[in-house]
Amino acid sequence: MTRVQSGTRGRIAATPSHLLIFLSDANLQTPVIAPPPTMSKKHPSRVFGHIPGYNSGHHFEDRRELNASGVHVQVRSGIHGDSSPGGGAFSVCLARDEYEDDVDYGNKIIYVGSGGKDKDTKKQIADQSFDKYPNRALYISYMTKKPVRVIRGPDQTNQWAPSSGYDYDGLYIVHSATMKRGKAGFNMCFVELRRIDNDDAQVASSPQEN
């Protein structure tokens, strides 16, 4: 099995949007926003790596079953993590059409963070930022290279995703984390996720990237 891509957003100080911005290690010591409460009580979820009893390729019939397992406990957010120093992202759940900049290559995912969308129209109206949860958790994972669980939600347009339910694809690392202009014209948090759990992995033939 293999899956890839998805997102959530924030806000960033005005900078030339064509520049790539790398956060310094010192920024990781700034105050952070506590993550929202999660659902799972039956299984531990604040774990870097596999949840006991759930290996790569496990299929969940719906979001409630996924939440109860502890593999990904956020009810709506695509990112579950800890923004404090020493934390990181525990899991990422990819959703169809959440962000137009997301690209799923199979064993590699270009995933956009969270924030900056209008609540009513769902259109991008502002920049994102690595300074706030949950995007900060992704950046910390980039610095530490702790494993992140990746789950794919239903998407009939994506060859790597299930047509219904949710597939747990295994463990990835955040290979890169940069700020750059997205398709909507705003600064976005781009992370590249690379699969490290090779059990039952499908090796994708990645299209040429621009």
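Heads up, the Cβ atoms here are built off N, Cα and C, so glycines get one too.
What TrEMBL says about this one:
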{"type": "DOMAIN", "residues": "49-195", "note": "domain 'YDG'"}
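According to DSSP, the secondary structure content of the domain 'YDG' (49-195) in residues is 17 helix, 52 strand, 78 coil. On the 0 to 100 pLDDT scale, the model's mean across the domain 'YDG' (49-195) is 95.
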